Every structure is written in C-alpha cells, then in structure tokens.
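Asker: The structure follows.
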Amino acid sequence: MNGLQIKKAIHPLKVQNITSYESLEIQQVTQDTRTIQKGSCFICIEGATIDGHDLVSKAIEQGASLIIAEKKITAAIPVMYVYDTKKALAQLSVLFYDNPSKKMKMVGVTGTNGKTTTTHMIEAVLEKAGHQTGIIGTMYNKIGTEKIPTINTTPDALTTQKLLKKMSEQQIDSCAMEVSSHALVQGRAWGIDFDVAVFTNLSQDHLEYHHTMTDYFYAKSLLFSQLGNSYECKDYPKTAIINCDDHYGRKLEQLTAANVLTFGVSEEAVIQAKNIHISSEGTRFDLDFMEKTYPVKIKMIGMFNIYNALASFGACYALGIKPNKVISALEELPGVKGRFELVPNQADITVIVDYAHTPDGLENVLQTVKEFAKKDIYCVVGCGGDRDPSKRPIMAKIATDIATKIIFTSDNPRTEDPEVILDQMTSGLDSRAYIRVTDRKSAIERSLSEATPGDVVLIAGKGHENYQIIGKTKHHFDDVEVVMSYFENKNRRL
Ligand SMILES: CC(=O)N[C@H]1[C@@H](OP(=O)(O)OP(=O)(O)OC[C@H]2O[C@@H](n3ccc(=O)[nH]c3=O)[C@H](O)[C@@H]2O)O[C@H](CO)[C@@H](O)[C@@H]1O[C@H](C)C(=O)N[C@@H](C)C(=O)N[C@H](CCC(=O)O)C(=O)O
Ligand SMILES: Nc1ncnc2c1ncn2[C@@H]1O[C@H](COP(=O)(O)OP(=O)(O)OP(=O)(O)O)[C@@H](O)[C@H]1O
Ligand SMILES: N[C@H](CCC[C@H](N)C(=O)O)C(=O)O
Ligand SMILES: [Mg+2]
C-alpha cells in the first residue's frame, strides 16, 4: 500500500515529513505497538486505558514508517493527521485487506439479547442452503468449521477486516456477525458492507458504559443509520430486519434508509408469529408472511426463541432463501451451546444452563421455565463485576419474583469484591427469600442436592463460558461440567 492510496482513503487534514507520497510504502497497518513490524503504519488510538499518541516513540523504535494521529505528536518520520483515527483505522484496514466484506453476504445482528442465538440460526440456514459460512461473535469467530477464540463479541476494525479477508480466501461467501453497542460506538464495524442488519431487542444493560438508555439505543441505531454507507458498498437493496414489538424497533424503522421487514407477534408485523405453543420439548407456531402461513416446529424452547427464529427468517429471506428452506433448516437446529442447554441426568431434575445475564434475559428464561415447571424452580444466578451495577438488584428481584428457590452466587467478579456485588443484588430483598452462596460451584451443588425429582434448576449467567474471571485471572469453570461431575460423584456414592 503506498502513500497515495493511503492519502486517498483517509483524506489527511495535515501532513508532516512527507515529501513524496509515491515512495511511501507500507507493509502493515496496526494500532498496537505490540504487533509493529518494519514498515508499519501505526495508527494512534485514544483508548479507555492507554492513549496511542503517547506510544509514538515506541512505535518508531519498533520500525513504524508512518504515523496516523488525531492529536499533535512529535515524530521525525512521516505523519498524517486526521479528524478521527478510529475511522482511519477502519478505512485503512478495508484498503489493506482489499474490502473483503464486499465479496460476501454480510448480516449484522445487534440488540441486547439474542445476538449469538440469531447469528447461529442464520448460519445454520445459510449452510443448509449450500453456502460457505462464517460467524463473528461472543463464543468464537468461525470460518467454516474452524473456531478461533476471541476476546470481544465484535473485534476491532483491523481484526475484523483481517478475519473477513481470511474468510474470503477460504471461499466463505456469507458471514453472520454480532455487532455490540460498544463496537458501534467505537467504530469497530465501520467499513463493513452489511447487506442485512437485524435488531433483536433493547433492554437495560451496559449502563456503566452508555450511561442512559437513550445513548444505548443511539449506539444500536448506528448499525441501521450506517447501513449502505460503507466504502464502495455492494449493490442495493440493503434490508433492516426489525423487532416491531419492541418500541425501540419502531424508532429504528425511521432511522434507516434501507428496506424494512418487521417481525413480532403484533398484527402489523410483516413476519408474524401466531398460535404459539411452548413446552419443555420445543416450540410450535404459525409464521405468517406475505399472505401465506407456514407451520413451524423448532427444537429450541421459549418465546424469545420465536423472536430469534422470526429475525433469522427475515434475514435469510432478504438474502434470497425461500421461506420453506429457511423454516426446515431452523427446525433442524438442536440449539446453541449455553442457551437454554438441558443437562441430562438420571435424577429426573430438569437442569438448564443459560446465558441470561440481563434483567430481560433472566425474566424471559424464567417465564419460559414457569410455563412448564410443575414443581419448584431453583434459580442459581449472579451478576458480573465491572459491568452495569444498576442491573443487579433488578435481576435479583426478578429471580425472587418468578423462581421458588433462589441461590445468589458469583458470576465473573472481575476486579470487584463478590460480596459487594451480592450485597447490591440483595439490597431491598427479604433475606428469607433467598440463600447466598458466594462460591459458584458450591451454589450449583447446593441447588442440585436440594432439588427433588420433577424440579427445575436454572443456572443462569455464564452459559457457554468455560472460565470464571476473578480479579484479572481467568480460571477454568464450566457450569455444565460442574453439574455433570456432581451427578457422576453422586452415582458413584450410591
Ligand atoms: C472498554 C472497551 O470497550 N475496551 C475495548 C478497547 O480497549 P481500550 O479502549 O481499553 O484500549 P487501550 O488498552 O486503552 O488501548 C488503546 C490503544 O493503545 C494501543 N496499545 C495498547 C497497549 C500497548 O502496549 N500498545 C498499544 O499500542 C491499543 O492497541 C489501542 O489501539 O478496545 C479494544 C480493541 O477494540 C477492546 O478489546 C477493548 O475491549 C475490552 C477487552 C472489553 O472488555 N470490552 C467490553 C466492555 C466490550 O467491548 N464488550 C462488547 C460486548 C458487549 C455486549 O455483550 O453487548 C464486545 O463487543 O466485546
Ligand atoms: N430474543 C431474546 N430476547 C430476550 N432474551 C433472549 C433472547 N434470546 C436469548 N435470550 C436470553 O439471553 C441470553 C443470551 O442470549 P444470546 O447469547 O443469544 O444473546 P447475546 O445478545 O448474544 O448476548 P451478548 O450481549 O452477551 O453477546 C440467552 O441465554 C437467553 O436467556
Ligand atoms: N457480553 C456480556 C457478557 C456478560 C456475561 C456475564 N457472565 C458477565 O460476565 O457479566 C458482557 O461482557 O457484559
Ligand atoms: Mg453474544
């Protein structure tokens, strides 16, 4: 990549130490001094903990040959100043990796809950329809069958473009991507040419970061206002798939210039679910779309999974897959790891591991359990540290309102004191309404030892996670494993 191409992509406001753009050759783009090689273009990003502008001398020492900055820096090598370095990072990543999203069908899914589930549903349909698929999201980034571990639900712009490039080199033609609100605010998804954007829902979460629901909604809305605005995007039309039963969804309809397909149970939904039957075995409903009714029977449980299925239907239809094909693929999907995952046992206890970590998620999952539970509902739940503290008492109240036996415990305490998190959860609750067992393994074991045949035990908050973050350390921890080894040990004792 040479200086002329870079200049064209980022429109610098000012330059320093540049005599010839043509002779300025760049071998790599990076925003991280830890990955700089000789001939790198280093982009200074002001982060939450570190300001890349303070790392310029280190970058030069390590071989950078061009610096992109938005604040005044001192450097004896070429510098380009731009208004927003995060945008420059996205623009140069797209340029460097040759705009890979332009070569594939891209679906972006945003919303408080249901992103991972919906992207997996979409992937399953696309795969069944003969596409080569990829996923970017919370659990992993996936290229065909290869699963690549990930830190963020939505990676930074450079990592994303690199990943998309790898996908396109491996003949992946379609990618379903979770787009978090953090990512949208931080411009991590800039430059991705989405064909379809999906809005699942919006409810309280992440207020430690967005502060108000208005700002949180604004963050989510960016996926829709930016739909069709990426660099050299593919052909129109772009489509927004929007949950119209969520009042934030209705606002989104006006924020996008793309075609809209709404979904929900309300009469005005273009993709509407009717005649709903939910049981512990699965979920049945009629899907009304364009004056036709399709009977649907999915293995996944709960009203919220009907919403996820409707969203996936809309996204796949917008990508050109026939309704019957979409539905038959959705019907085959067994479920998604850690989402309403039933843990088999011989004790006749329905044990469910679920990733509900928001008030809305927990309420939905508990209401679903309540629809089929005949005896006690145990709920083992905690709240993550270094995350929205205002959701803690709300989640605890929901647990005590719906479940009958409540055990509050730790989630990922991170750098917070787990006892303080538990104090915040239980403030305002009658202490007779719950028990408190800080150690998560002991809490799960306690619920299983007290439950009797016919009871349901819901273990919420960590789903697929196979770790627990205490302080800054990740320890191996897996809810499903804890349940299985409890029953194995019990059987051995008998
Ligand atoms: C608060 C937050 O969003 N942080 C994200 C942010 O990191 P940061 O702002 O702290 O970055 P920083 O460490 O200050 O570094 C600033 C700059 O200096 C550079 N640097 C840093 C150190 C160094 O030695 N050399 C160097 O060059 C960095 O590469 C960067 O360019 O940018 C990083 C790169 O994109 C992210 O990995 C990181 O996510 C952290 C790990 C995180 O926990 N984020 C959570 C809150 C998050 O984003 N969650 C959402 C999911 C939410 C949902 O479920 O809805 C997600 O998408 O993951
Ligand atoms: N459409 C939905 N509406 C409300 N709750 C849902 C919905 N789909 C899933 N849930 C609940 O939320 C939990 C998390 O689901 P999922 O992982 O699909 O969401 P996510 O949006 O990807 O979450 P994250 O923000 O952590 O990436 C599930 O385990 C379930 O309890
Ligand atoms: N993507 C969410 C996941 C939360 C999962 C929960 N187990 C926790 O650690 O709070 C977040 O980072 O806020
Ligand atoms: Mg997710």
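Cβ coordinates come from backbone N, Cα and C, glycine included.
TrEMBL labels come from automatic prediction, so no person has curated them.
Per TrEMBL, the features are:
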BINDING   Gly111, Thr112, Asn113, Gly114, Lys115, Thr116, Thr117  ATP binding site
BINDING   Arg387, Asp411, Asn412, Pro413, Arg414, Gly461, Glu465  meso-2,6-diaminopimelate binding site
DOMAIN    25-93  domain 'Mur ligase N-terminal catalytic'
DOMAIN    109-315  domain 'Mur ligase central'
DOMAIN    338-463  domain 'Mur ligase C-terminal'
MOD_RES   Lys220  N6-carboxylysine
MOTIF     411-414  motif 'Meso-diaminopimelate recognition motif'
Asker: Determine, for the meso-2,6-diaminopimelate site, the additional residues of the same chain whose CB lies within 8 Å of the mean position of the CB atoms of Arg387, Asp411, Asn412, Pro413, Arg414, Gly461, Glu465; present them in sequence order.
Answerer: His357, Gly382, Cys383, Gly384, Gly385, Ser410, Lys462, Gln468, Ile469
Asker: Indicate the candidate from Thr112, Asn412 with the smallest number of other Cβ atoms within 10 Å of its Cβ, considering only these binding-site residues.
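Answerer: Sparsest of the binding-site residues Thr112, Asn412 by Cβ contacts within 10 Å: Thr112.
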Asker: Which residues in the same chain, at least 6 apart in sequence, have a Cβ under 8 Å from the Cβ of Arg414 (meso-2,6-diaminopimelate binding site)?
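Answerer: Correct list: Gly384, Gly385, Asp386, Arg387, Ile469, Ile470, Gly471, Lys472.
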Asker: When you scan the chain for residues with a C-beta under 8 Å from the motif 'Meso-diaminopimelate recognition motif' (411-414), skipping those not six or more beyond its ends, what do you find?
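Answerer: Here the qualifying positions are 357, 381-387, 421, 440, 461-462, 465, 467-472.
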Asker: Below 8 Å Cβ to Cβ and six or more residues apart, same chain only. Which residues does that give for Lys220 (N6-carboxylysine)?
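Answerer: Lys220 (N6-carboxylysine) has long-range Cβ partners Thr110, Gly111, Ser181, Leu184, Phe199, Leu202, Tyr248, Leu252.
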Asker: Do you know which of the binding-site residues Lys115, Arg387 has the most other C-beta atoms within 10 angstroms of its C-beta?
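Answerer: Answer returned by the neighbour count: Lys115.
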Asker: List only the single closest residue to Thr112 (ATP binding site), chosen from the binding-site residues Asp411, Pro413, Gly461 by CA-CA distance.
Answerer: Gly461
Asker: Could you name the residues, excluding Gly111, Thr112, Asn113, Gly114, Lys115, Thr116, Thr117, of the same chain that surround the ATP site, i.e. Cβ within 8 Å of the Cβ centre of those residues, in sequence order?
Answerer: Val109, Thr118, Glu178, Thr200, Asn201, Asn308
Asker: Within 10 Å of the Cβ of Pro413 (meso-2,6-diaminopimelate binding site), how many other Cβ atoms are there?
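Answerer: Within a 10 Å radius of the Cβ of Pro413 (meso-2,6-diaminopimelate binding site) lie 23 other Cβ atoms.
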Asker: With the Cβ under 6 Å from ligand 2 as the test, give me the qualifying entries from the binding-site residues Gly114, Asp411, Asn412, Arg414.
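Answerer: Cβ under 6 Å from ligand 2: Gly114.
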Asker: Run through the Cβ atoms and count how many others sit within 10 Å of the one on Glu465 (meso-2,6-diaminopimelate binding site).
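Answerer: Step by step: centre on the Cβ of Glu465 (meso-2,6-diaminopimelate binding site), count other Cβ atoms within 10 Å, giving 20.
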Asker: Using C-alpha atoms only, work out the spacing between Glu465 (meso-2,6-diaminopimelate binding site) and Thr116 (ATP binding site) and round it to an integer in Å.
Answerer: 13
Asker: For Thr117 (ATP binding site) and Gly461 (meso-2,6-diaminopimelate binding site), what Cα-Cα distance in Å is obtained after rounding to a whole number?
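Answerer: About 15 Å separates the two Cα atoms.
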